[in-house]
Amino acid sequence: MASSKTPRHGVIAHPRRAGALLAEGALVAFPTETVYGLGADATNGEAVARIYEAKGRPSFNPLIVHVPDLAAAEPLAVFDPLAHRLAEAFWPGPLTLVLPLREGHGLSGLVTAGLPTVALRVPALDLAQAVLAAAGRPIAAPSANPSGRISPTRAEHVLEGLGDRVDAVLDGGACAVGLESTILRTDPPTLLRAGGVPVEEIEEITGPLARDTTPGKVSAPGQMTSHYAPVVPVRLDVTGPDEDAVLLGFGPVSGDLTLSASGDLREAAANLFDHLHRADALARRSGKSRIDVAPVPEMGLGWAINDRLKRAAAPRG
Ligand code: TXA
Ligand code: MG
């Protein structure tokens, strides 16, 4: 996937350089275990404003703040006992907690879009940890895609979508999880977005969660119906080939591209956005008018995969 869009400081390999650029107020895309993030210093309002500008994102949509560990998170937000237990169980990892802002937090008001809460996450990937250590400050980072488009799981995806709008891209190869983090509020315990930590694992600690993830309902304000959208339309629950469409297979349904031939949901999650990017390019190249997707079971990571697929297939607003 060659791209003519080149960031000002190019594609870089060293997390310390990424961290130093972030500390200077630059916009730097970097990998996490979930997806690539479009990072900026969360305490620098101008740097954060550039995130919204680059993504073309509605400014009422708040951003996730990334910190290296629980100790760095505590000065920013008030942790209730359940939030503490969840942080201890799942950090570092693909869980984001939405918590009340603590007084004196120092974050730009643009990060939270003026809400009294902040979304906090501790990424597990070594490269992301090294970036945060080098930056030495909380880093706001939404997924590094233009607003409403497919999330990036490779540096090439970032270059394709935002290459001329970021200052640098740290290349860490493909993301292992491939789905964004699970987002939770703890008071009362509510799932705001299904994601990289399966809901069932969280419910072992929280008990049954309320769900506030209806497509179209703006509960996590970024959860708009048409999201993660490829350029060509998407149709779900298709069990066989059709000459007008590129088929994305799963399990027994084998397609032009297959999320996981063995029906492994973890493998399917890791492949999801990359395969959507590729299916989109393939459809446009071969004059097909649609992407068809095989059924994926509603269990474990299947909840998050289906959530993203439903948004990709939703009517465009
Ligand atoms: O895995 C991830 O979470 C990736 C990587 C880069 O960390 N980030 C990511 O960020 O997916 P983004 O901005 O694409 O999604 C953030 C979601 C949005 O739906 C946003 O509305 C929600 O988090 N959010 C952020 N702050 C919130 C808050 N205070 N209350 C409710 N929802 C919030
Ligand atoms: Mg996103």
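Going from the start of the chain as shown, residues are counted 1 onward.
Here the Cβ of each residue, glycine as well, is placed from N, Cα and C on the backbone.
Where the annotation comes from TrEMBL, it is an automatic prediction and has not been curated.
Quick look at what TrEMBL annotates:
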- Thr34, His66, Arg121, Ala141, Ser181: L-threonine binding site (BINDING)
- Arg57, Asn61, Thr117, Ser143, Ser151, Arg193, Tyr228: ATP binding site (BINDING)
- 12-197: domain 'YrdC-like' (DOMAIN)
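Note on the binding-site residues Arg57, Arg193: the fewest other CB atoms within 10 A surround the CB of Arg57. Listed binding-site residues: Arg57, Asn61, His66, Ala141, Ser143, Tyr228. Those with a CB atom under 6 Å from ligand 2: Ser143.
Ranking the binding-site residues Asn61, Arg193, Tyr228 by Cα distance from Ser181 (L-threonine binding site) puts Arg193 first. In the predicted model, residues of the domain 'YrdC-like' (12-197) average a pLDDT of 95. Highlighted here are the binding-site residues (Thr34, Arg57, Asn61, Thr117, Ser143, Ser181) whose C-beta falls below 6 Å from ligand 1: Thr34, Asn61, Thr117, Ser143, Ser181, in sequence order. Same-chain residues that are not part of Thr34, His66, Arg121, Ala141, Ser181 yet have a Cβ within 8 Å of the Cβ center of the L-threonine site turn out to be Thr32, Gly37, Ile64, Pro94, Thr96, Pro123, Ala128, Glu180. Comparing Cα positions, Ser143 (ATP binding site) lies closest to Thr34 out of the binding-site residues Thr34, His66, Arg121.
Taking a C-beta cut-off of under 8 angstroms and a sequence separation of 6 or more, Thr117 (ATP binding site) has the following same-chain neighbours: Ala77, Val98, Leu99, Pro100, Leu101, Arg185. Listed in sequence order, the binding-site residues from Arg57, Asn61, Ser151, Arg193, Tyr228 having a Cα within 10 Å of the Cα of Ala141 (L-threonine binding site) amount to none. Counting only the Cα atoms, the space from Arg121 (L-threonine binding site) to Arg57 (ATP binding site) is about 20 angstrom. For Thr34 (L-threonine binding site), the nearest of the binding-site residues by C-alpha distance turns out to be Tyr228; the candidates were Arg57, Asn61, Tyr228.
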